[in-house]
Each structure stands twice: as C-alpha cells, then as structure tokens.
Amino acid sequence: MDTIAARALTVMRVCATLQEARIVLEPNVMEILGIAINRYNGLTLRGVTMRPTSLAQRNEMFFMCLDMMVSAAGINVGPISPDYTQHMATIGVLATPEIPFTTEAANEIARVTGETSTWGPARQPYGFFLETEEVYQPGRWFMRAAQVVTPVVCGPNMVQVSLNAGAIGDVQQIFQGRNDPMMIYLVWRRIENFSMPQGNSQRTLAGVTVSVGGVDMRAGRIIAWDGQAVLQIHNPTQQNAMVQIQVVFYVSMDKTLNQYPALTAEIFNVYSFRDHTWHGLRTAILNRTTLPNMLPPIFPPNDRDSVLTILLLSTLADVYSVLRPEFAIHGVNPMPGPLTRAIARAAYA
C-alpha cells in the first residue's frame, strides 16, 4: 500500500506543475504523466490529456487526481457530484509497477507509515493540568484538615503549595496519574507575598527548599523530573509559607504535530477555503473518514489512515488551485464574485 500512496502522491504533484499550457516539462514529468495517463485512460475510459487547456480537459485531469487521492486513501466517496463518478479501477492503475514514483514521495509515505506505527517521546503542547476540573485561587494560602503541606492546582500548568511553619512533605502525588509523562520539566519559586484565609498578607521567608530524590533544587531553574522520584518541600521557618511549581513542559508518548514534517501546514492547506466547490468536496471526502469535515482536528491525528489522508488531500488541494476545475457538488451553491474574508468565514458557519 505504501507504493500505491507514493504513486498517487507523485502523479498529483506532477499535475500541479502544469501551470501553463506551453510550459517545458521536465523529462521525469513527461515520463510519469505519460505512463500514468495511458494506464488510467485505458482502465477508466476517460480522456485525460498531458497538456490540459480547455475547462473540460482540466476537469478530466482533476478527476483523475481525485480518483487517485481517494483510492490511495481507501475512501469510497459515493455520489457526491453529477459531474464525477469515482472509478474503482484506479487502484489497479496505482498498482501498476511501470508507473514510477519519486524518491521524495516514497520517503514521505515511509515516514508516515513508520511514525504512525510506533511511539516516541514528544514535547506536549498542552498544559499538564489541562483536564483538571477545579482550580484554586493563586496566591491564597489553603490547608486541608490534618495536613501540614497542601498542594493544589491553580492553572493548566501551575501548582501552588501551602506549608505550615516547620512543615516538610512530599507533593509528587498531585502529578501522578496524569498524562503518563516520561519527563516533566519544572521550575519552582517562593511566593514572596500571599494572602491568608483571614485576608491578611504574609511573606514566605528565605530558607524554604524543594528537593528531588533528596537533592535540593535551585529556585528559578528548570528541573528535569521523571514524575516518580520523591518531590519534597521543606519549610524550616517559623511561619507559614507558599511555593509555586510551574510545569514548563513535559514529554510523553502522545502523538504531536511533529510526527510528520509540515503536518501543521498540511492540515491548514486541507481546511483552507478556496471556493465553495472545494469546500463542499473536502467536506464530502472527510465525511467518509474519522477526521472532522470543516475545522481542523482538536488533537493531532495519530493513525496512518488519517495522516495519509491529510497528506494526499493537501496535495489534491494544490492540484485544484492549479487546474481551476469547475464542476458541481451536491448541495453546494457557488457564489460568484471575488473571494473575500467574509465569504470564506461564512462558509464555516
């Protein structure tokens, strides 16, 4: 299946180079287009030409690229247009060993398959405590009953710890059971002035320490902590104290947008508004997948099918911009006139 996807990607990118009717094509472009179009026309009985000039010819070439895109992604789009019918035989075209694919396309498909089939440490973009259901007021001292050290969450990446005079205690439990981190990068600081429950202000005196595995850590410096070693705070002073612990970032096995080069840009390209026809076509294609059909996914896609679909559909978007086809999509009423931000914004409503 990797070679099928690589051929589809190669042919679509070659078609995206046909920006002028009289352009001098590179030899490899001529070879790829010649073989691919010959095989495609033979199996589908279409009439795709190597140098599309008329609207009908541009439409035919775009429909060929659309066939290749959905075939390589394993998508059956169904009846989405009165002008287009998906040719299931296209998968046989892409399986033809005579159609060459570029090294670049093969490497990209190999990266998609390789990265989505395994896991690796990745810096996560969201706050460590993002899914916490309740937070406490920052800078306000709070102590639970029968405790001398109380850590609480006060933000998506922030913990504050209240300590009684002379108290010492471990606080690693507040981090555990969340996000399955491999490493957490922390910075701790004294809260110089804080509010007591009665409303009066109090200071944290110098001398408060934070240690990881029994080793004192300097305030204001990034600490690499595995989330398992004892994270202990000691207030040797004779009055209450407060400490702030900030999660600068953490590393876990969760997938991120870095699993594939330029995945962020590919997603933007897929979901960008070009015109109402493309908007309807992209929606119809993605309706047959697990990806959202109009707005980018909240979390990075983490399976091969989704990442491959984004890569192929982004390339099809480039072909659409170059060939400028005109055809109907069921339920879509194109609006004449120049594209404006207001028109694009209204399409997502």
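Each residue, glycine too, has its Cβ placed from N, Cα and C.
Note that this is a predicted model, so its numbers are computed, not measured.
Features as listed in Swiss-Prot:
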CARBOHYD  Asn193  N-linked glycosylation site
CARBOHYD  Asn287  N-linked glycosylation site
Neighbour count (Cβ, 10 Å) for Asn193 (N-linked glycosylation site): 11
Rounded distance in angstrom between the Cα atoms of Asn287 (N-linked glycosylation site) and Asn193 (N-linked glycosylation site): 54
Cβ neighbours of Asn287 (N-linked glycosylation site) where a neighbour is any other Cβ within 10 Å: 15
Three-class DSSP secondary structure - Asn193 (N-linked glycosylation site): strand
